[in-house]
Each structure stands twice: as structure tokens, then as C-alpha cells.
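Asks: I'd like to ask some things about the structure below.
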Amino acid sequence: MKLSPRELDHLVLCQAGGVAQKRLARGLRLNHPETVALVSTVLMELVRDGKNSVVELMQLGGTMLGFRQVMPGVPDMVHEVQIEATFPDGTKLITVHNPIRAENGDLSLALYGSGLSSPAQDEFPTEETTATTSYAPGEILVQPGEIVLNEEKEGIQLRVTNKGDRAIQVGSHYHFIETNPMLEFDRKRSLGFRLNIIAGTAIRFEPGEAKVVPLVKINGRRVIQGGHGLVDGECIDDVDPDVILSKATSLGFLNHEEVDESIVKAVSASRVSRDAYVQIFGPTKGDKVHLGDTGLIAVVERDLCAEEYYGDEVKFGGGKVIRDGMGQCSTNYSSSSSPDLVFTNALVVDWSGIFKADVGVKGGRIVAIGKAGNPDIMDEVHPKLIITPCTEIISAEGKILTAGGVDTHVHYICPQVADEALASGVTTLYGGGTGPASGTNATTCTSGKWNIKMMLESTDMWPLNFGFSGKGNASEQESLKEQILAGASGLKLHEDWGTTPKAIDTCLTVADEFDVQISIHTDTLNESGFVEQTIAAFKGRTIHSYHTEGAGGGHAPDIISVVEKPNVLPSSTNPTRPYTVNTVDEHLDMLMVCHHLDSSIPEDVSFAESRIRAETIQAEDLLHDMGALSMISSDSQAMGRVGESIIRTWQTASKMKCQLGQLPEEPFQEADNLRIKRYVSKYTINPAITHGMAKHVGSVEVGKLADLCLWDPRSFGAKPDLVVKGGAIVLAQMGDPNASIPTPEPVLARRMFGGGNSMSIAFVSKVSLPTVKGYRISKNIQPVTNCRSISKSDLKWNSKQPQMTVDPETFQVTADGQLLRCEPVKTNPLAQKYFLF
């Protein structure tokens, strides 16, 4: 067959399309990947037939499926489908704009080539009877009104005529005096001015056309660079306009002195609708954004890109702002004084706020958050966000930027967990194990110094931050100290190794000596005592309580009560997030496999059943929403899904909003900023604080490693568009590598060039640094810090300590006297609409 890589890629696309056709044929409404795959597959088959042109196929692509054949919200997610396929005259690009256009599609065409019979149209419900929400996934709710551009800046108007024989288009930030010599206008008056239009847009002059255009004085240091070099790097306040005009006319630039002062002075403020502005730069202060299909609404609290005034935003592209002498500064700047990378106009969603900003990265770390650009012509440019020829740009207009996820409950059962984690938006993994050994299948322990060294070295090439927990179950200190000295950045107490009060006390004593965190999976059997005895063994010392609800393991039935303690940092694992109609039923077999239990032994079955309680699982939902449960992690392949911690966090937040409404303490009307900040903290900053990593990861803050995820609001929480690790792109939703552009199908989460070892961290104990530096590791080795002096009050938005009771017979849970009860949900957002399987 001699298949090329692109043919194999398209084979996967056709397989997905075939699955979609089968589902459509049995009357199922298609989700996002199914819709794209079906349209792409049928188009490729029609290309193979060789009977249709590109234009004809672009039209046919919009007739296959209608609104009734796809899930609600899908038409808003699929604005276009692109493929490249081999026509009789070679490979060509087909773009189908708005492929879902009518109520019903041509089902015979949709099933073309499948051999399947078309279902009747009436098998598909109408949109009105199936729509569950009144908004589209990722929809932006724009505030009414207008935006004034360059408010209070000096402006004039000039009459401009194109005397050339070809069209001339002038961008917003092009220095007007330097424009095409065949534009005739008063060049002397134009000195120091540019077009007063939306940044990144342009005005076009057809041959012979005359227009009166608005101009605004440049800001900043008012230095003109670039163009034809008429001014050539001088401040406009220091040059003689007559000298510049003389130079221009001697070089053939047309000039016409404007004598009609009524034109020059008839300046009105340049205004644009907020809708038009948002189309270009994304939401600004006061606008609202729906997060995926969750029902959660984020309102922009601040816009640092235009905090003082609108009109000088930066934007990359042909004829746009970030060009030499315009948004890009060329005046004596080099790579040593400019960022390596700038995210422009990003909507940051972080524990610290929900705000719009340009985010600069240098040397792999965030150096500034504010306004980027060129201080020669712009005001308010952050000194560390000066864009130069040494700066790369990621256009984040209309996108959401978050910190990479921090998963601190990882079983290293197989190396492929790293791929799944990365594709979900997680950039830091902490846990234990050595591969699919029985101990690792059940516990997050990398046991002993040989295994710790082996795992640090074997994960060195992965583009993630790693940390390893040694086995903490011992009554004597020597073996625990040995593991910390070997590079463990924490220890794990697990009931499968015997989490007795003596082991707990010993482990915490060693942790206090070496400033590392302890994670605990408590005694489900209540063999050594109840939860009270375990709490007593803590002796007020800080500890991370894994799966604090208990289905993942812990004192039955009341491990959840530890959320009231100030020294206990509680987390959940994701299979019980949120409580749904199938949550309880899936857990028994999951538990039997993970913990090496035997279904033929009644005590083993009783042990498993004691851990799975609907009453405490539903209480877990409510404790998360009030901020009493502080973190969410995966428990990967050991009663947890490594690629779903972020998804399930937002599903929980969505469920709680649907069942409880807006949080009473929410400061914004019809928005969920407080709840959003609470939930994003659960998988970013709080686990980083808990495990001593917050100096480096866990938030979008200056000084931290640039571990960042860029999301399309339509798929927020499900699938990131870009994952940046240490300032380099390591994973992206990328199309056909052979294509003429990067967007044709199949668009897959693919590894990118980034990921060199220096872009990631190996987290170890401080005392182990001399030892670990002798290992074969090229990652950046950093110690965990401040693990022992923290308490629950240090965790962001999730520090509530309600007084808890759990009835040992009914399992009913109360917090501060309130019964914690909520209903399971039958459907969740970020679920079947987004995933093929």
C-alpha cells in the first residue's frame, strides 16, 4: 500500500466518519466530533468520485445535516469544516462554511458510501423540544453600548486621494506620513498621526478615490520608526515638519496642503459598537462569557489591555498592529530586554481573578501581565511587555487562558497517563508508582531509593513537571528518611500498606523534619480505630487527605468529617465528581480491581461495599460548592481518570449552579465569578500550595513557570486548543500536517516542538538536591517548599471548615447543622456533546 502519514491520518478520519454514519442511521443526533467527521468523510468520498469541483463540494457540504440531526449547540461549535483531498488535478482545499444551515439535511447524502439506509426525518426531534439551554456553548454576552476609541487624544481629519492605479489599504497604526507616495494629502499636518479606527483594521482607497479620514496623534514617546524612513526613529516633537515634508516631496511623495480648516477641525470621537469590538478583540470589561456548555457565566472584571483607553490594543496579522514601527518596537531593543512570547488579549481565568490581559513569557516564566505593545507610539505599555523582533505572538483574542492543571493523586501505572493528562490541560503530575506493579495499581507509592531514582530518570523526557511520593507506612523513621534523601518530594500513607496511628505519627514526624507533604488514604476497615483516632494521630500537623469522601478509600462512613479540621487539606478524586445516576453502580467493580480484592471472599466484598455510599457522595458535591473540600485530583487508573480531573471539576460546578443557583456571596449579577474562581483553584493553585510547588506552578502570576492552557470558550474544560509548557507549545489541536494551512481535518491533539527537559521541573525534597543532581536528569530540579507551615486557611477560595456530623447508620451528613443532600443528575455538560466515545 505504501501509505503516507497523511493517508493514515485521513483513515482515522474516515473511521470516525463511518461511526458517525452508523449513529445517524439509527436516529441519533450527532455531537461535535461526529458532525465534523461525517461531513469530512462524505466530502472525501465525493472527491474520490471525481465528479464535483471544489466550489460544488463546498455547497454540498452544507446540505448533509440539519439542526434536527445534530445535538443542540453543535451548530454554534462547527462554524466551518475544512479538508484537503486528492482531486484528479491534485490535492485541493475544501472549506464548508456553516455546514449546519437548515432544519433538515439530505440524509441520503449524509450516508453516502456507507451502504446504510436513511432514517425517516421524523425520527429526529425538533430543536425546540430538545434544547436544554438558551445559550450557545462559549457564547459571549456583550454589554450594550459603544466604545470610544482614543478618548481624549488629539485628533484631526484629512482629505486623502489615491492618485495611483492600484488600490491602497492603510492599517490603523501605520504612520500616516509614511504611507504610499501616491496617496495625496497634507503630509505636514499628518506628521505624528495615524488612523483613528479600531486597532488592527484598515481603510482602503481604490484608484482615484478620495476620502476624508480621521487621524489621531500617536502616544507614548511619539517616536516614528519604519515606513519609508522619512522620520527615521526621531521623536516628532524634535523634528522640523518642513524638513520632513521637503524630504518626502523630494522622494516623490504626493502632497496637497489642506486649506479647508472645516475639514481638519471637524473631528468627532471615533466610536464603535461593543459587538464590533468584541468580534476583533474578544470580550472586554463587563462582558460575559459562557464556559463551554456548563451554564457557568464569567464576567470580565478588568481589561488590562485597554485599562486607560481603547484604541492601542495589539493584534497580529496581515495589515494589523504588530508590525515594525507600529505595535512592534524597533528602537534599540533586543532579546535581552523583550519577552520571548506574548499572549495577546487573553481572558485569564485564575484564582486571582477573571480579567483580560496580554501575558508575557521570558525564559520559560511569566514576566508580566498587563498591556503589551510599542512604547514609542503607545501609552501604558508594561516595560516588560515591549514587543520587538525577538518576540513570538500567540493570538488569544476570544480565548481563555488558564494555568496548567496540577494533579496530585497520580498512580504511575503506565507512561501513557502523561499523554492523557497533557491533552486534558494538566501540566504537573505528583504521585507514586513504578508501572503496573500490584503495589502501584493500588497505592501512589514509589517505594525505596532505587525506584525513586529510576522514576525520576525515566520521566525526564516527558514534557510535564513530576514529583514522586515515597511509601510512608513505617513505624520507624530510617526507611522514610532514606526515600526523602533519594528525591521523594513527599510520602504517602495508604491503608493497603497499613495506615496505623503509629505509622501516621512516624511519617508526619519525618515530614516536619524535611519540609515535605504527607498524603493519606485512611483506614476504611476501622481496624486500628475510627476517624477520631486517625485525627488524633495527626496531632494538629498538616496533612493532605486523599478522596476525603471515601469511595476512593478511607474511614467508613465518616472520613468526610475531616473537612472541619484546620490542619487537614482535603481533596476528592474524580470518579465521584459530580454525583450522577450511574456514579454508585460503577464503583464496586472498580474498587475490586484496584485493591486486589477477591469477590469470592465475603469480607472483601463487604469492605468494597462499605466504601460506596450515595449519601456521602452527594454531600461531597455540596462541600465542594461551599469551599469545604479544597482540591480535585484523578487517582489515575486506580479508581480515577487522569484525563478528566478538569472536566469533572467543571461538571461539578455546573451541577451545583443548576441545583442551587448563583452563590449568595457572588458580587456580579447573573454571573458566577466566585464559583468559577473557587473551582479553578481546586485543580491549580490549591494542590500546588499543598505540595510545596506554588512558587513555580498553579496560577497565572508573574514569576511562575509559563505552564498555560489556551481554550476556545466553546470547549472550555473539555479540550484545550494549546498547552504551553515552560513557555513552549507542547500540544495543540492541529490539523492535517500535509495541508496548505493548519486547520483541515483531521484536527487532533498532537505533540508539538516544545517539551525540552529544561521547560519542566522535577520536584524533589530540599535535602535531596545534592543527590538528585547526580542522577541522569536534565529537567530543572526544584525543591518543594513551605509544606509544613500551611493550613487550610492558606487554600484559595476553599478554606471553609464547617462542623460535621455523619450518622453511622444512615450515612446522612450535616455541615453546621444543615443536612447535605442533592439529587443525582442524568446528564452532564462537557460529556457526549464533545467526545466520540
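Every residue, even glycine, has its Cβ placed from backbone N, Cα and C.
Curation plays no part in TrEMBL annotations; they are all automatic predictions.
Among the features that TrEMBL reports, Ni(2+) 1 binding site is placed at His409, His411, Lys492, Asp635. Annotation comment: TrEMBL describes Lys492, His521, His547 as Ni(2+) 2 binding site. The substrate binding site annotation in TrEMBL covers His494. TrEMBL lists 404-837 with the feature domain 'Urease'. Per TrEMBL, N6-carboxylysine is recorded for Lys492.
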Asks: Among the binding-site residues His409, His411, Lys492, His494, Asp635, report those whose Cα falls within 10 Å of that of His521 (Ni(2+) 2 binding site); none is a fine answer.
Replies: Lys492, His494
Asks: Can you give me the residues near the recorded Ni(2+) 2 site, meaning same chain, not Lys492, His521, His547 themselves, Cβ no more than 8 Å from the center of the site's Cβ atoms?
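Replies: Here the non-site neighbours turn out to be His409, Thr443, Thr444, Leu493, His494, Glu495, Ser519, Ile520, Thr522, Tyr546, Gly552, Gly553, Gly554.
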Asks: Please work out the mean pLDDT for the residues of the domain 'Urease' (404-837).
Replies: 96
Asks: Hey, does DSSP put His547 (Ni(2+) 2 binding site) in a helix, a strand, or just coil?
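Replies: In three-state terms, His547 (Ni(2+) 2 binding site) counts as coil.
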Asks: Taking 10 A as the limit, how many CB atoms besides its own sit near the CB of His547 (Ni(2+) 2 binding site)?
Replies: 27
Asks: Measuring Cα to Cα, tell me the gap between His411 (Ni(2+) 1 binding site) and the residue listed as 'substrate binding site' in whole angstrom.
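Replies: With distance taken Cα to Cα, the residue listed as 'substrate binding site' is 13 Å from His411 (Ni(2+) 1 binding site).
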Asks: Sort out the sequence-distant neighbours of the residue listed as 'substrate binding site' for me: same chain, 6+ apart, CB within less than 8 Å of its CB, listed by position.
Replies: Ala442, Thr443, Thr444, Cys445, Lys471, Asn473, Ile520, His521
Asks: Report the residues of the chain - excluding His409, His411, Lys492, Asp635 - with C-beta within 8 Å of the mean position of the site's C-beta atoms, for the recorded Ni(2+) 1 site, in sequence order.
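Replies: For the Ni(2+) 1 site the neighbour list reads Val410, Gly431, Gly432, Thr443, Thr444, Ser519, His521, Tyr546, Thr573, Ser633, Ser634, Ser636, Ala638, Gly640.
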Asks: List the same-chain residues at least 6 positions away in sequence whose Cβ sits under 8 Å from the Cβ of Lys492 (Ni(2+) 1 binding site), in sequence order, or say none.
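Replies: Listed in sequence order, they are Gly431, Gly432, Thr443, Thr444, Cys445, Ser469, Gly470, Lys471, Gly472, Ile518, Ser519, Ile520, His521.
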Asks: Excluding near sequence neighbours, so keeping only residues 6 or more apart in the same chain, what lies with its CB under 8 A of His409 (Ni(2+) 1 binding site)?
Replies: Tyr430, Gly431, Thr444, Ser519, Tyr546, His547, Ser571, Thr573, Ser633, Ser634, Asp635, Ser636, Gly640
